[in-house]
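S.K.: Handing you this structure, nothing more for now.
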């Protein structure tokens, strides 16, 4: 069978289903693929058990089960992630294994918001999922219109509590199961949901359009030409003649100009996100730049040493710690290309953190590093990974 060509004319977005266990996330995922396929003939209709039997994957040493499906609407192509278990969501969102540009929060109209509904909203906030659309599921089981309105209000209030615009978030009432069974009245609700997703979740800015940033992996000097920093461009573009800043691990940022860009020993006019390059820097000595710093467009990223983070602590089975840790624990924080020692302060009322838990924490690094909200990191101890986290707020 010939492979279908990937259609680049449509914009692309990554989304996922979130919400409490048994509220219908996987059934909704199956219904979306089935209803959209039935209408356009594009994509693949997936059955519930095809999605539910997601294989385990290992991402940065952490075991996660995730189902990836794809489908398209009139205007967009979507990659959609659905996880079978609650722990899989926690790990997925924190490690960024499945980046989400937006999420569909599934709430059973028969039950209303439940503990994991709240936890997934909080996680979305902390890991930087920017937009949420709500699907009130199982509406075929609720006859009372007032009850539906009550549940909708509860969900909106809950979203507002975590700084999502609860009053403006689209809420679609439907039944994933009825739509999956081919009931036209409920299929229409799936189209209504996808219209809301198309309109409310903006097309993400592509990495190449963002301001330039490259983590430095290695540094060497070329006699007579100067110092070269190598690494993979994380975002944006850089061209010969651009001014860049060297950020992190030093008292102050240093500005320099890129006088050459090389890839695979060939000279380039410019490089963009995803390219592995060597950048020749004007007037920078070998001692003034090191692995773990970043090169960035001036003024776009600043070095910090204190932040709040959402962290998943690896279980013993995943090769993590065998014992809990307490406040003032001092492991290594691995950002992009380097380890920096940091001190952990646990939130009030949290005595200790057990392997396999997730927690919020305050971190104070012993030196500044280029970080921003949404930057991912690993926590390591003696070279092995014991945790995975994401910066939720910069505090200093």
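Keep in mind that glycine also has a Cβ here, set from the backbone N, Cα and C atoms.
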S.K.: In Swiss-Prot, which of 56-60, 61-65, 66-70 is labelled region 'G2'?
M.R.: 61-65
S.K.: When you get a sec, could you say which of 133-136, 137-140, 141-144, 145-148 is annotated region 'G4' by Swiss-Prot?
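M.R.: Based on what Swiss-Prot states, region 'G4' spans 137-140.
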S.K.: According to Swiss-Prot, region 'G1' applies to one of these ranges: 19-26, 27-34, 35-42. Which one is it?
M.R.: 19-26
S.K.: Tell me which of 82-85, 86-89, 90-93, 94-97 corresponds to the region 'G3' entry in Swiss-Prot.
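M.R.: Region 'G3', as annotated by Swiss-Prot, spans 82-85.
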S.K.: Along the domain 'tr-type G' (10-205), what average pLDDT does this model show?
M.R.: 92
S.K.: If I take the alpha carbons of residue 22 (GTP binding site) and residue 385 (phosphothreonine), what is the distance between them in whole Å?
M.R.: 32
S.K.: Relative to the Cα of residue 26 (Mg(2+) binding site), which of the recorded positions 83, 86, 139, 385 have a Cα no more than 10 Å away?
M.R.: 83
S.K.: Rounded to an integer, what is the Cα-Cα distance in Å between residue 25 (GTP binding site) and residue 385 (phosphothreonine)?
M.R.: 31
S.K.: What same-chain residues lie close to the region 'G1' (19-26): Cβ under 8 Å, and 6 or more beyond its ends?
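M.R.: 48, 51-52, 67, 82, 84-86, 105-108, 111, 113-117, 120, 137-138, 176-177.
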